[in-house]
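Asker: Pasting the feature list from TrEMBL:
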type	residues	note
DOMAIN	172-309	domain 'O-antigen ligase-related'
TRANSMEM	12-29	transmembrane segment
TRANSMEM	35-54	transmembrane segment
TRANSMEM	61-78	transmembrane segment
TRANSMEM	84-100	transmembrane segment
TRANSMEM	107-124	transmembrane segment
TRANSMEM	144-162	transmembrane segment
TRANSMEM	174-200	transmembrane segment
TRANSMEM	212-230	transmembrane segment
TRANSMEM	292-313	transmembrane segment
TRANSMEM	325-350	transmembrane segment
TRANSMEM	370-390	transmembrane segment
Amino acid sequence: MLELIKNKIKTLNLNKIALILIFVSSFLLGGENLYIKYFIIVFFFFIFIFKDTIKIKKYDWILYFFLLFVSVYNIIIKNYNSDLYNFIILYFIFILIKNLNFDKYFFSNLLILSSILHGIIVFYQSLVLNKFRSPSTFVNPNWVVIWLFVGLYFLIYERNVLDNYKILKIPVSLLLILGSILTLSRTTIVLFVLFAIYSIFYRKIFSNKLKLIFAILTVLVLLIPVLRFTQRGKSITFKRLKFYNAGINLFQKKPILGTGIKTVEDKIKTYYTGEKRKFSNYSKSPRMSHNLFLEVLIEMGLFGFLLILFIFYKYFKYSYIKFPLLIYFTSFLFNNLEKSFSLILLFLILLSFNKLKFSQRISIKREFKLIVFFIIISIFSFKLLSYIYIDFGNKAFNSKNYKKAYNYYKQSAEFTKYDPYYQNIYIKFLINLPKNDLIGISWEERFYEIEKISTRLKKYDRFNSEVYDIYTFYCLKILRSDKFGKIKNEIWERGVKNINMAINLNPKNPFYYYKKLYFYYIKKDYNEVKKLAEKAIEIEPYFLRAYKILYEIEEDKDKKERYKNIINKIKSIYNNRGKYNLNQYEKRLMQE
């Protein structure tokens, strides 16, 4: 019976189904919709069941050594959580992709079709919905630009169905290029210039008829910086050079072996020198370096970086389609493409089109295949259930059915104890619950759950300052309540310890100092309160709440009057926030 089912499935073209799923995923948040993301991962391992052998190409052993090195090193430094096993699973998907022998013609047509649809969506968002920096169905407009340019390459230079309708190629090419321009992405400028150089000097396709079109498009592309930074009062808020500098400083801490998988997001803010605006010094707190090569250097060190660079070089050298890989490698310099699952999978497929010969075949035992598939199914079934419970929890919370929401969120966190994503959602829900007598959840029960989830987060997400900040917030809630009188001193000590951890991880966040001063305010240690308020103001001079606490505790009349004048000035700025074009961070600083 099993053999019959296996033979029936083998008659299906699983490779083509896999390609269709990948291109469909690009229309679901660029593959970041968790339903499609989990389904694609499970589907690839489903294909694995029907593979009798894994073919090893030259240089593949370096890939496997790299995987082993990263895994063992991250376990040694205790950086093991869902990010590490996601990295391992993605690596295995790449191994499978290299063994699937995708039909290049079918792939090319699917890519062009999806690119056309993305181009149409960008036009609709920009011209009909009047959306600024249209991303199509991706999260980030830079990502759709990369997709459109890879599609443009396959449209012009690879065999596809439009070869029979060449008159359509020019309008479709214009759609893809103009769609990229409408995103107002700086990535468009770089990739357009790269594409033009490749076409003119390497392919030499530009005839006299196309020179005028090329000149017009060049002018439009060069207008992007003007359009981007003048429309709707937008200013240049991202200082990429400062992000790069923060990344370089972080890299220097562990240059040989790196800081570990997915640690940049939590650690880079400590090394960021700030983005000075009129009313704030740290308007942006980066979660990435905006350079994938730099992030590999930071997280895997020189050793890992050189290994992966060597692998990329060899695959590029022997690739049948070098230019799309060059598009990716160029984009890596100023983008974090690993945050789009669809773009990652597209890149892995492009890498698989190469002329490296298979040097070895490894037979896979049936039992091993079933065990691996069972493990993957189990992991992602739990993750999928967790995500479903989160959806149900959100609906129950929005309808104010807090008891039901509590049960859903709790079940979600229990299914995926190792995944900080679900634990964070649960603990934030627990902290933001309204009065307990309305929902039937006791303080004791809530306290127990927060202690449990906080312990997990500190184990699996220990470099994230927000983990400690969230726990501190709950400690303050308890200290302000009439509950837990016997252990309030212990709660106070735990709160101070956790906010100190948050400050150590992100010393430039003024809100952490403000939160810490509240612990001393409860103890009526006003000298310490004053020091912490002044530290917060030193970081952000327009921090209203810090001035208000200083005004409250100050006894000197002259100083009190000065604080009052500053408070009134900040309130006046906030009340005219539209005039001053305050961003969200500045508004938060100036709120009561």
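In case you wondered, yes, glycine gets a Cβ from its N, Cα and C as well.
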Asker: Count the Cβ pairs between the transmembrane segment (325-350) and the transmembrane segment (61-78) that lie under 8 angstroms and are 6 or more residues apart in sequence, then report whether there are at least 3.
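Answerer: With fewer than 3 qualifying Cβ pairs, these stretches do not touch.
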Asker: Under 8 Å for C-beta pairs, could you tell me which stretch among 12-29, 84-100, 370-390 has the largest tally with the transmembrane segment (107-124)?
Answerer: 12-29
Asker: List, by number or range, the same-chain residues at least 6 past the transmembrane segment (35-54) whose CB is under 8 A from its CB atoms?
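Answerer: For the transmembrane segment (35-54), the list is 6, 9-10, 14-15, 17-18, 21-22, 24-25, 28, 89, 92-93, 95-97, 99-100, 341, 345, 361-364, 369-370, 372-373, 376-377, 380, 383-384, 387.
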Asker: Mean pLDDT for the domain 'O-antigen ligase-related' (172-309), rounded to an integer?
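Answerer: Mean pLDDT, the domain 'O-antigen ligase-related' (172-309): 78.
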Asker: Within the same chain, where does the transmembrane segment (84-100) have neighbours whose Cβ lies under 8 angstroms from its own Cβ atoms, ignoring anything closer than 6 residues to its ends? I mean 6 or more beyond.
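Answerer: Sequence-distant neighbours of the transmembrane segment (84-100): 15, 18, 41, 44-45, 47-48, 51, 54-55, 57, 60, 63, 67, 70-71, 74-75, 261-262, 344-345, 348-349, 351-352, 376, 379.
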